Each structure stands twice: as structure tokens, then as C-alpha cells.
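Student: The structure that follows is given in the form of C-alpha cells.
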Amino acid sequence: MTRPPAPPPGAPGADELLDCGLLSPVRAGTPVEALVCDSAWLQAMLDAEAALTRAQARTGFLPAAAAEAITAAARADRIDLLAVARGARETANPVVGLVAALTAAVRRDDPAAAEYVHRGSTSQDVLDTGAMLVARRALRLIGDDLDRAADALAALAADHRDTPMAGRTLALHAVPTTFGLKAAGWLELVSEAAGRVARLRDGLPFSLGGAAGTLAGYFGDRTDRGDPAVLLDRLLDAYAAETGLARPVLPWHVLRTPVADLAAVLAFTAGALGKIAVDVQSLARTEVAEVAEPAVEGRGASSAMPHKRNPVLSTLIRSAALQVPALATGLTQCLVSEDERSAGAWHAEWQPLRECLRLTGGAARTAVELAAGLEVDAARMRANLDLTDGRIVSESVAVALTPLLGRQAAKELLTRAAFTAGHEGRTLGEVLGELPELDGVLPKERWEALLDPARATGVAGALVDGALARRRPPAR
């Protein structure tokens, strides 16, 4: 292999190229970074190479001693990561340089084994399988964090099952609801995301297709020694066992369903967490002040305003939720891959996939802290219910009056009464009490119940109970 040209004088070294999250604080310092960084991808590709040799040894395609030597050498700390990365500029993918470096490392230990490195394989098999290994490791972490966030949200929903608050539609007070129901909605989203992550993680496939999807290089003339279908089954089953990945129906070099599935699940997960974040931001506004993020000394400080306590956690999560769907769109566009290997579409997946994984991983880790430490001000929620002087119960009053006045008449009466109350600065109850058509239609106790926002939350409590029951494991 021709050595790539040396970097020009003044080119940055590895330390200067460190991507530590300066412009992406949602994932900076979180565990997912270590699982998707360059060295993690390098190790995953080496793991794919080593697993392949072991699978080939198990099926008699190469000596067991060679597989052992290759596995022993397949360590990222024995490979010059920066050289592999820069060498990829000459080959359009990092596997060519990786194979050369791995072969050299094996040759130093066992010259005979070096002949079996990358036997029959192709760059895309190695990189795609490595990508699935990276994704599986990251998804396991993301799934664990989603489960922890869901536990915290379930506790919030249970604790505030009957805590009344204003439901808001199109940014305005609509009808009373409960904070428990809002938290249950968050719980449902996170639980659904966790389920999707788990199902996807367990079904991620390895890639094995050879140069153009026929696996010809893996078998050579071996097809003369037995049924090709049997040989294929043995190799695929062995590789599945060695990688822990699922066996695909066909080589998927240009059938990019696994990547599209990752894009969809990660976009949904980030969006689900983003819904929580934007709700917290809305409820934490100074004018609303119904919730607050966990109080940590020094967090949320402004560079200019000493009094500020900014909603940092929800801001970080929301930033990821706005990025991942856009990146996922780029990944799904790569479904349009020409021929048996794309010139550019496959290559366009790598960085967006890494970003989707680490942004979602950072958001999931941040969501655990947000959900577990969220401060809820039930008294403020109750006070905010009274901001419209009772008009927030207009729907429930209209429903109660419908059997007596008719649906249209009841709605028109409440519309006029609410308008009068708002413009005259009076309560809805006062205005309704002066209407002659309502004189004596309902007993006083019934009016008091109808005009109490805390008693107009519908079946919110039952809905919360249902969400919590779905979260709990079935009794055995």
C-alpha cells in the first residue's frame, strides 16, 4: 500500500483535534462520548475484523491459531488513529488504512497469521458491522438512562396525580388538568422511546457481503466442497455468535434499512425528551413559575445578569431534540444508494449517525437529572388557575348546563358570560349568578363544585393510574 502523503507543516496534532464538546455541551463529559468517539469506532471496526476471523476459524475457513493472533492484535492502542484518519483521504474510507495497520501489527506477532487478516472481506462489511457495534453499545446506555428517567417521571405522576394546574392550548389557559397527567404524558413518551430503543438494539445486524454483495471472496472455491447454502448458514451463524449482532436476510450494502431504523428511533427519542424540555421551559417562566429545574450552585448563571437561574438542563435537551431529527433526515436520504455500493451516500452516513447517537445519549443522561430533581410548586399551580377568575371552567359549566338549556344555548350563554367577566374584571361565577335564565336551575352546592377548577379535571386521575399501571411489571 502506498503511504499517504505526510500532513503539511503546521497541521494540527491529535491533541489539537480533540472534539470534547465545546460547541455541543449536551453531550460534553457524558458517558456516551466514550462509546462513539473516534477511538471507539476504531476499536469497533477492529472487533468486527477479529470476530470475522474467529467465525471463519469456527467454520474451517482459516486456522484457529491465525484467528487467535489477529484477535490479540486487534486493539486500538496498537493502531495510529490519526494516521488511519488522514490516510482515509486517499481511499474515501478508514478501513483500508486500518487493515494495513492491523496486518502490520499481526505480522509483528505472527507473520503467518497476517495472511488471514481481512480474508474475503471488504471495507463496507467492516465499517458497517463496526457501526452496528457502536450503535448497540450506545443504545444500551441510552436505554438504561431512559429507564431511569421513566422511573423518576412515574414518581412525579404518582405524587402529583391530583395536583390541579391550568391546561394550556395555543399558549393560553384552556381547561384545568393535573400535573400528574402532564408527567404521565412525559412518562408515556419516554417509555415508548425506551421500548423502541430496546427492540432496535436487539435487532441490529452485522454486515457481510463481500466486494459486491455475493460473498464470493469469503468462499472462494470452497463452494465445491459442500452445499453453498449450508456453508453460508454456518458462516453467518458463526459471525452472529461472535459479534452478538443479528443475522441479516441479505447483505445490506445498499439496503440501508438498519441505518434508517436507527435514524427513526433516535429522532423519536430525542423528540420525546425535547417535549419534556420545552414543557419545563414554559412552566419555569418567571410569570408562570410552576416548576423549576434542580437547584445546583453555580448552574444557570448568566454572564451578565447576576439574578438569573437559567433552565440549563432543559435547554441542553431541547438543543439535541432540534438537531437529531434534522440529522436523521440526512441518514434516511442515504436510502437512495446506487448500484452495489454507493459513491458518497454510504460515506455520508457516518458522521450524522455518530452525532445522532451522542446527542441523544447526552439528552437521555441529562433527562435523568431533570426528571429526578424537578421542583414542582403546587401552590403556584393552584394560584395560576385563578388568573382568569373562573373562566377556565367555562367548558365544564357549559357541559353541565347542556341538558337544561341545550348544547348551543349553553355554549352561547357561557361565551357571553366569559366575555363579560373578562372585560369587567369580575369572576365568571358573579356574572353567571346574575343571569335570570340560570336562576334556580342548579342547587348552590352544584354551582360551587362546577366553579372550582380543582374539581374540573375530568378523568385525569384515572388516566394517570392507567399510565402508571402500564409502567409497572405484571404481578406474578
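Even glycines carry a Cβ here, placed using N, Cα and C.
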Student: Among R78, R199, R201, which residue does Swiss-Prot annotate as binding fumarate 1 together with R137, R140?
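Tutor: Given R137, R140 bind fumarate 1 in Swiss-Prot, the matching entry from R78, R199, R201 is R201.
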Student: Go through R137, R140, R341, the listed recorded positions, and name the one with the sparsest Cβ surroundings, counting other Cβ atoms within 10 Å.
Tutor: R140
Student: How many other Cβ atoms are found within 10 Å of the Cβ atom of N310 (fumarate 2 binding site), counting all protein chains shown?
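Tutor: Here the count is 15.
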Student: Just the number: how many Å between the Cα atoms of R140 (fumarate 1 binding site) and R341 (active site, proton donor)?
Tutor: 30
Student: So, three-state DSSP: helix, strand or coil for R140 (fumarate 1 binding site)?
Tutor: helix
Student: Compute the centroid of the Cβ atoms of R137, R140, R201, then list the same-chain residues not in that set whose Cβ lies within 8 Å of it, in sequence order, for the fumarate 1 site.
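Tutor: Along the chain, the qualifying residues are A135, R136, A138, L139, L141, I142, G143.
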Student: In whole Å, how far is N310 (fumarate 2 binding site) from R201 (fumarate 1 binding site) when you measure between their Cα atoms?
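Tutor: So the Cα of N310 (fumarate 2 binding site) lies 35 Å away from that of R201 (fumarate 1 binding site).
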